[in-house]
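**Student:** Got a structure for you, questions after.
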Amino acid sequence: MAGRSVVVGVGHYLPERVVPNSEFEKTLDTTDEWIRTRSGIERRHFAADDETTSDLATKAAEAALADAGLEADDIDAIILATSTADLTFPSAATMVQARLGMTKGFAFDVQAVCAGFVFALSNANALIVSGQAKRVLVIGAETFSRIMDWTDRSTCVLFGDGAGALVLEAQDGAGTAQDRGILATDLNSDGRYRDLLYVDGGVSTQSTGHLRMQGNQVFRHAVEKLAKTAETALSHVGLSSADVDWIVPHQANIRIIQGTAKKMGLPMENVVVTVQDHGNTSAASIPLALSVGKERGQIKPGDLIVTEAIGGGLAWGAVVLRW
Ligand SMILES: CC(C)(COP(=O)(O)OP(=O)(O)OC[C@H]1O[C@@H](n2cnc3c(N)ncnc32)[C@H](O)[C@@H]1OP(=O)(O)O)[C@@H](O)C(=O)NCCC(=O)NCCS
């Protein structure tokens, strides 16, 4: 017997405003064609001026709770992955806790940029298997539109806003790779790569700042590190790429997604792709893709899924789970 963290609900929320690539042609020296061919992105959603990360997160959480058939007070903990919280403090997670009407348990944010959801899932799993929580709401939510430099065509066309959420529940498994739930995780970071992807501001430097990226350098690290972390996580439970039904990758760039799948020896038929519709929503991209993948009828109970992500830090990792 082994304690497992099993997904019992999933949901997402995207802000109403959809921005096609052609919008950027009006203000920047760019084209729809360049953005599509270099990144795979066709459109993205941007939050309204009065809409914050905790607003998006609350709606995604409500959808996941409804999918699970649970109430807020059935949840013991909320972990919210974000780099774009509403306020310096309190955490966006505690704001969501209050908005859901949850009066017990605890809530906190996790900040690992685009790898945030993988870090949050791994932390939630640790709480569940150690018996500290029975049900954990794990959310990824971002408003990256708030940290874009709208004059920098090499970054501002790539990102979007959104939120996704999962409900994880403690269940008994046989202790084999056939169990439902989270089977393995692999987390990494290397702070020496700070300058490749960062925001040039923050509380202690007294500004909000804008996202800065050496895109081609990040690209180079991404494919290699993502394939390796996915394979490492799979190997922890004696599995390999050949066992995988779905790669649900961080949705940053279609060429990174294709390169990683190829390195893992899997065809694109085994990859959930949403980057064309969402852009890069950082920590929200994996739960969004899980929710959309389920809605599309791609992800089914019993499927073996590997999620993988890399972002600022650099920080990267993977989670293997059976749906
Ligand atoms: C950003 C990215 C799409 C750029 O594609 P690329 O093929 O690497 O292109 P480069 O950065 O080498 O730039 C090539 C040229 O395109 C130009 N360019 C950049 N953005 C452009 C845009 N929106 N429209 C038109 N031209 C653009 C550059 O200025 C450069 O021009 P130059 O050769 O005259 O200097 C790509 O590097 C990438 O996706 N990297 C990973 C980024 C990422 O996903 N990060 C998030 C990880 S969480």
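Placement of Cβ uses the backbone N, Cα and C atoms for every residue, glycine included.
Curation does not apply to TrEMBL; its annotations are automatic.
As listed in TrEMBL for this protein:
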- C114: active site (ACT_SITE)
- H250: active site (ACT_SITE)
- N280: active site (ACT_SITE)
- 108-191: domain 'Beta-ketoacyl-[acyl-carrier-protein] synthase III N-terminal' (DOMAIN)
- 235-323: domain 'Beta-ketoacyl-[acyl-carrier-protein] synthase III C-terminal' (DOMAIN)
- 251-255: region 'ACP-binding' (REGION)
**Student:** In terms of DSSP three-state secondary structure, what is the assignment for C114 (active site)?
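**Tutor:** DSSP assigns C114 (active site) to helix.
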**Student:** In whole Å, note down how far the CA of N280 (active site) lies from the CA of C114 (active site).
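**Tutor:** Between the alpha carbons of C114 (active site) and N280 (active site) there are 9 Å.
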**Student:** Can you give me the Cα-Cα distance between H250 (active site) and N280 (active site) in Å, rounded to a whole number?
**Tutor:** 8
**Student:** Kindly report the helix/strand/coil residue split of the domain 'Beta-ketoacyl-[acyl-carrier-protein] synthase III N-terminal' (108-191) according to DSSP, in that order.
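**Tutor:** The composition, in the requested order, is 22 helix, 35 strand, 27 coil.
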**Student:** Once near-sequence residues are set aside, which residues in the chain of N280 (active site), 6 or more away, have Cβ atoms under 8 Å from its Cβ?
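**Tutor:** Within the chain, N280 (active site) has Cβ neighbours under 8 Å at I41, C114, F144, L158, F159, G160, H250, Q251, A252, N253.
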